[in-house]
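Database features (Swiss-Prot):
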BINDING   Cys12, Cys15, Cys34, Cys37  Zn(2+) binding site
BINDING   Pro117, Thr118, Gly119, Ser120, Gly121, Lys122, Thr123, Leu124  ATP binding site
DOMAIN    1-53  domain 'ClpX-type ZB'
Amino acid sequence: MVVEADKKALICSFCSKKQHEVKKLIAGPAVFICDECIDLCTDIMKEENKVALKQITSSIPTPQKICGILNDYVVGQDQAKKILAVAVYNHYKRLEYVQSGNNDVELNKSNILLIGPTGSGKTLLAQTLAKILDVPFTMADATSLTEAGYVGEDVENILLRLLIASEFNIAKAQKGIIYIDEVDKIARKSENPSITRDVSGEGVQQALLKIMEGTVASVPPQGGRKHPQQDFVQLDTSNILFICGGAFMGIDSIITSRTNHSSIGFAANVNMDKEKNNSEILKSLEIEDLTKFGLIPEFIGRLPIVTTLDELDKEALITILTKPKNAIVKQYQKQFELDDAELVIDDSALETIAEKALAKKTGARGLRSILEHLLLDSMYKVAELKRQRVTITKEVVNGLVEPIMTSLISTKSNKKQPIIADIPA
């Protein structure tokens, strides 16, 4: 409410100027703020936004450096890494360009869609990118989202998580990365528009359109449904990078059907396509395949960069076990080392673990659960016994024998280091 000049003399709660010394006084609950203080606050916020952006853009590594860091954590997926590195680099350079005020050419935001089987590294790629760039990052599960007004999470809750990740620093949050997982689960139930309401499928896609494209969203800082009377935080999503990921189970059949359409009746061609693995089929992905799968054209349009990830083979899984900086075997060996113990996993055991993960079709995600099951009893015992070497062989992985435990003779001056088995050539 605006306080007019004929009212009783009032002062600004911030600068203490009287009402006749300023143009306007805006009243709040027991406080007042003048137009000059409002202008000053606006200038301060603009300056803070510039500083926050400069901190991010000044430290952006080149695409080759981004790819190099990704190689330390993610095995394989070279083409996907290259596409992501270029896309992220261009995104943050775009922010620098927009902030400079040079708007002779309008640069649009390029969100990313990752398509690949379970455990192929989609989530890890997004997490590692955020770590490299040192920007706020949050993950959301698309399966929990519903259209506003229905049981489930509103899409604004995704923005709330980003605000929390940035410690409610709005300027930082507006330059963050949001990863939406399982986006294939919000595909509409049929290719044709439905006359009934699809609140967890097409309805969620429609709700995501605005925030993905760029809008000033009203975010409830305490969650939207339980506290309807709260004040909202205004968050501009124009510069937030959205990365969506999903396995898109069954899309290979859609692609194969399209590519074989012109050769119906020629069984030889169909049989040749059947011999292709999913990774090869996905390389032929077209926009029309995503539409047929159940994504609406408007939603696909908000994700101009689409990249597919390869299915991991046995060699890749063995590498994942031992080579990255945060390799699973290295993590378990460090855990044993903290108990003054040693963990040794031989080559044949690594191969068998990889084969089991392949058989379960869980990709890299299944490796940890297999190792956790194998090492549970050993971790239970070694904390009491200490100074033990635990050896895992192929027979142990296959459940034929128990993990081999032998006593270690170790001293503080000659402490044995964890051993990682060599990967067969």
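Each Cβ is built from the backbone N, Cα and C atoms, and glycine gets one as well.
Model, not experiment: these values are computed from the prediction.
A map of Swiss-Prot features onto the structure.
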residue	record	contacts (Cβ under 8 Å, 6+ apart)
Cys12	Zn(2+) binding site	Val22, Leu25, Phe32, Ile33, Cys34, Glu36, Cys37
Cys15	Zn(2+) binding site	Cys34, Glu36, Cys37
Pro117	ATP binding site	Ala247, Asn278, Leu309, Glu311, Leu312, Lys361, Gly363
Thr118	ATP binding site	Ala247, Lys361, Thr362, Gly363, Arg365
Gly119	ATP binding site	Leu312, Ala357, Thr362, Gly363, Ala364, Arg365, Gly366
Ser120	ATP binding site	Gln77, Leu309, Asp310, Glu311, Leu312, Gly363, Ala364
Lys122	ATP binding site	Leu114, Gly116, Asp181, Gly245, Gly246, Leu309
Thr123	ATP binding site	Met139, Tyr179, Asp181, Gly245
Leu124	ATP binding site	Tyr73, Val74, Ala364
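Each of the binding-site residues Cys34, Cys37 was scored by how many other Cβ atoms lie within 10 Å of its Cβ, and the smallest score goes to Cys37.
Just so you know, the Cβ of Gly121 (ATP binding site) picks up 28 other Cβ atoms within 10 Å once every protein chain is counted. Taking the centre of the Cβ atoms of Pro117, Thr118, Gly119, Ser120, Gly121, Lys122, Thr123, Leu124 as the ATP site, the nearby residues of that chain (Cβ within 8 Å, site residues left out) are Gly116, Gly245, Leu309, Gly363, Ala364, Arg365. DSSP classifies Cys37 (Zn(2+) binding site) as helix under the three-state reduction. Within 8 A of the CB centroid of the Zn(2+) site residues Cys12, Cys15, Cys34, Cys37, the other residues of that chain are Ser13, Phe14, Ser16, Lys17, Val22, Leu25, Phe32, Ile33, Asp35, Glu36, Ile38. Averaged across the domain 'ClpX-type ZB' (1-53), pLDDT for the predicted model comes to 76.
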